[in-house]
Every structure is written in C-alpha cells, then in structure tokens.
C-alpha cells in the first residue's frame, strides 16, 4: 500500500527570492520607492495589515505601494515576488498604524494570519484537484505565509536587539534590515535563529504521546518539545528532552520537516521517535514542573477526544506531525480542536504553540 504524500508544514510551502545582492546596493532604497511595482507589508507590534476582499473570502496581505505609507520606524527588504516585484516590510508606531488603518481587526498576528493562509491554501489545493482542466493553483496563500513569516521574524529580531552584545553600545539597522551595526565599535550583528526539536513519540502499538504544559489551560495538549542546547545534536536533544519531560528512553529518531516559528526566533525541527526496546510505555511520567500531564492515544481515542482535548492549531508543525501520524486531517476541522475561535486562541492564549518556558517550544 502506498502512503499518501503529506504536503510540507504551513509557513514553509513557498520560497521568497530574498535577492541578497540588493541588500548591499546603496542606491536600492531610492529605486525601490520609485518602482511602480514595489509593494510594502505594514507591521505594527508584530501584527500585519490584512485586506478585506470584495467577494467576502478570506483576507489577504494588504500590500501597497510605498507612496501609500507614512514614514516608518524601520524598513526591511524582503526580496522579490514571483513576478519580480520588490517587496518590503515597514514597521510603524501606533499613531502611524492607526492612520494607515484604524480598524484593529485588520491587523493580525502571524498565528492568525498563518491559519487563514493555511486554510486558503487547502481550498486552493482542493479546487486544483477538482479542476478537470488540469489548472494549477496560484500558490498565493502559501507565498503570503512565507512572506509574512520572514517579515515578522526579521522585525522581531530588530525589536529585541537594539544594543551591541560585545560592548553594549546602541546599534542601527544596515543592509536593508539584514544586519545591525554598533555605533561604538562598528561591529556587525546578524539575525539569529534558535533551533528547537518537537517530537512525535510513539510506542510499539503506534500510540502517540501528548503532554500538557504547566503554563497551558487544563486539557490543552501537544507534542513534547524543547530547545537544542549548546554542543547538542538534534538527536541528542530528542533523547534528553523526552527523558527529562516524560521519563522515557527513546530511539529510532527520524527527521520529518522543519518550520520557522518566530515567537520570538525559533526554528522547529520536527522529528519522530519510538519508545526504546524493552521500555514499558506505562513508565511515562510528567516531570511535574514543565509537563503536568501525559496521555497516550490511539488514533480512534484521539479522534473521539474532541471537547476533551485541545490541540495546537493547523498552522503549527505540531498539528502537522500529528495529522501525519493520524493519516490525514483530524475529524471536525480546526474549530473542533481549539478551545476558542482561532483568532482568540492564537493571539491571547499563553498556551498556543510556543510557550515562554524554555523547553516548551511547541
């Protein structure tokens, strides 16, 4: 039997031409502003501007010509679209953002926007499959997700790194936003990404292990995860994290996929692992500090747990790994597995896909 091919995780299904050469072209900013095809994504406090569509379908990125915007706090060159048009993100303070768009609902964080784009991409794929003419989907939603992820990741890095790590001096953005230069020692700092492993652990009966983090509401579960420590491989991080959080030895570790998760700067490394031979899955026990509850699920048990178990949203690699194990989308759609509407759950819940706890990166 041939297993169905799973599409890549959300936020990773398109690639932006980042056009690195233009980052060091001194005349590029002026040419960008004068280019009639140039488009800008507006950001405020980590949220992006979305445009309502006249047909009432899901919102899209509100990309406008640079002349439509006031002076920003920060300009970030993102690269080029499929048509070659140059693209920027610009960060605005609250007063400027309100002048651009006063409706707060039009500004969305990446978790919410990512869910919108993931759902739209799924609809595009379904339409493509049903299209007897053989037409391909536009990929617009996947490109929007990739562009938004890049913009949020870069803007967040600038917000969190105003000072030089070498001397403590103030820094300024250079290279179209892809570096910061120290005003004291002239050193350059570049964006950093923190790798974190997220692991789908199964036993010999192919049950999946889910854990509930101490910072989450009761009933919220996800895969076990944690940051990779200095001098540690991904595989070693998996063994350590599962032992620390669940008291289990695991082996047969396999890489599945990765996903950028800029909250604030994670790169989620999705892997699978099996309970080690000779280890009884019943010995799994939460550490009582970061993980308060552990549960094993068969596919049927998980499918029937709606209303009892809250899972990560469809935009996350945690959900992607779970649905890969399950064999497809979980029944009931995303609303059946979240404790609130996607917007509220994603924007306000401390237990959405990334917790503030160092090891709870899922």
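Cβ coordinates are placed from backbone N, Cα and C, and glycine is handled just like the others.
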Inset, instruction - Name the residue range among 1-24, 25-48 that TrEMBL annotates as region 'Disordered'. - result: 1-24
Legend entry - Residues from the same chain, set at least six apart from the ends of the region 'Disordered' (1-24), whose C-beta lies under 8 A from its own: 77-81, 86-87, 114, 117-118, 121, 125, 139, 142-143, 145-147, 149-150, 175-176, 178, 257-261, 270, 314-317, 320, 323-324, 327-328
